Amino acid sequence: MKKFLITVILLAITQTTYARQLEHPPIPEESPQTEKIAIVTSQNPLTETAIKNILNDYPDLKLRYTFQHALNGFSVKGSLASLTKLEESNRVELVSQVQTYKTQMEDNIEIIGSDEARGLFDQGDHRLTGKGVKVGIIDTGIDYNHPDLRRSYKGGHDLVDGDKDPMESEALQTPITLHGTHVAGVIAANGRINGVAPEAEVIAYRALGPGGAGTTEQVLAAIEQAIKDKVDVLNLSLGNNVNGPDLPISLALNKAAEKGIVPVTSSGNSGPNMWTVGSPGTATKAISVGASTPTLKVPYLTIDGLTEPVRLEPMQGAQSWKLDRSYPIVFGRLGKPNELTNARGKIVLLERGELTFTEKANNSKRAGAVAVVIYNNVNGSFIGNLEAEIDIPVTTISKKDGKRLKAQITDNAYARTNIIEEKDLLADFSSRGPVTSTWEVKPDVVAPGVAITSTVPGGYLALQGTSMAAPHVAGASALIKQAHPDWSPEEIKASLMNTAKPLNDQKGHSYRTYEQGAGRIQVEDAIKTNSLVLPSSLQFGKFKLAEEPHTHRQYVTIENVSDEQQSYSFTIPKYEQGISWEMPMFFTLKPKEKKKVAIKMTVNPKELKKKIHDGYIELQAGSQNIRLPYLYVLEEPNYPRVMGFDFGLGDKPGTYRYEVYLPGGADEFGIALFNPDTYQFVGFLDAKRKVGKGQLKEEISFKDLPEDGLYLAKIFARKHGKEDMIETTIFIVKEIVEQEKNIMQYVNE
């Protein structure tokens, strides 16, 4: 019997935009027999008997996992028809489809004040090192044999293989991983290098397998286990690019905070545009962390005719940029060998796409190039890694900067390097908020996430990303927990936000609240704070343009946590037409006294022009100045109505799956395929009507794929007559090979 080897290659170039020239026919009806995996939650705890009784009415739904601590619920797999009936039965609260989570990859502890914090003492007169504080790390595992982690590691669980050995994926489990070990080192390395809290107890939860990817179920199972293990702090340097507050992982982290755990998450690496913060960095009660720069010497490239120099981001695995004189620069297109015939002794500018970063770098080196600059093929900047080390500099820049450089390259163009020292700037890749539907300020704070050296299996490595920023905050939370063991997760979060340093861009302008939250953390100040304000950021909601002037109130609780009486006074925010404020002007609190006060904002929407309004409310608390980020929106802001598209191998043999997030749902949703040359419609990969808000995941058989070739895919969502879309190039190849058994490969470049 003949079997088939089917290779599907997806080359994704994604950008959210408005639909303009790709026209598709009406969408077809959806089959009720489509199978899905879903998370089912209930408002009340469910016993095994209760779950069994619920599923008895739906025989095709198969139970997969049960959750009692992170969520009240369970996960199942079965037909769309049965899941729809279950959702409509009023016997459960939520039926939410499974997502895929990935690692957030892209000297540091001194800048946040960790060294100074170690000079402080806890209530037992011990130095603050994190001693006695349990920090859980949900990631790719940990190399617990690393000499700098042996003393910190206290056990763990593998939710991928189902055992208690959370070792990183090794050579036999291609591709290998190192992300979790790096994160653990930032938190609690104790050897050749020191983490933020070197004597904290690390509990590792391997929920992301080879390649650094895992499912909602695996991450939920890890959170569930961490709650059982009673960790004090929980770090999740992982996420997706779905900006929604209601995904199961985000809800589970809120529940973990209610149970006394400080949840810390990375905000994502999809910046610098708005609305790019991803789940679980959208969780209300978690500390969502963006990335700032420590003190760095950054190369900038300029050529004649360029109005502003171009900032170069180093690519991991390449030599540092140390060009100390001018060099000729040429455009090498995509970096194929036949496009690099004029590269010897020159800097080569390449466009991202088709070839891997490693192929582009190696081709350039063989052609004699002295350095490589790769610009993005979609809007925004990006970070990248080479598969093997190379002895020439390789850097990345944004699409915009790439186009600017390319436009100035002539036959005799020379490029010059300027080295500029930078400190406390936001990393371009750091995801920005706010959160859709709740309009919350995220990230909450930022921490160093660029060029962070930490432990990896077999040694040490410098990496960058919000994955590296989050563990700085997790380590800081461990120090605060040791110093103030009676503080709740909300109070620890408040201490970090209330004492954060607000950052400015290179022109001296303050970053927006939805870019930096309260600012860059300062650990020593957080530990020594005399007051706490909860909550530490304010959301005044959404206003309608037609409304008459009206008042919105937000309440905050102010705690005097010092041993002395403190005086307090608010500063009214800078005048803005159409807005007036009312808040207490002056009061005092005795030691350990609390006071709940109202902050009133009166708005005349007719006098407002901007869609999003944000800023800081300042409170003088004794000698301490506390800044509270606030945000509100006018009408429906212009956020993407479709996001988080992902494509991969399905659970069933012979299938692949896609995932997408619809923040407001859709009247119509579909994935339409077009000929990339003629823009002629080819067919729907999938299409639906009346899709609820939230995540959507489907599996589709390979037999339903169109003919081999390159297609332009339009992933669209239409709501109230408005259509947003993502464009993605999909290249499908089917190779028929006689096999003894079914084998499927999926390659995502």
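Just so it is clear, glycine is given a Cβ too, placed from its N, Cα and C backbone atoms.
Automated prediction, rather than curation, is the source of TrEMBL annotations.
Feature annotation from TrEMBL assigns active site, charge relay system to Asp139, His179, Ser467. Here TrEMBL flags 130-511 as domain 'Peptidase S8/S53'. Here TrEMBL flags 340-405 as domain 'PA'. What TrEMBL records for 1-19 is signal peptide.
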Whole-number Å only: compute the distance from the Cα of Asp139 (active site, charge relay system) to the Cα of Ser467 (active site, charge relay system). 10
How many whole Å apart are the CA atoms of Ser467 (active site, charge relay system) and His179 (active site, charge relay system)? 8
Using DSSP, how many residues of the domain 'PA' (340-405) fall into helix, strand and coil, respectively? 17 helix, 25 strand, 24 coil
Mind checking which of Asp139, His179, Ser467 has the fewest other CB atoms within 10 A of its CB? They're the active-site residues. His179
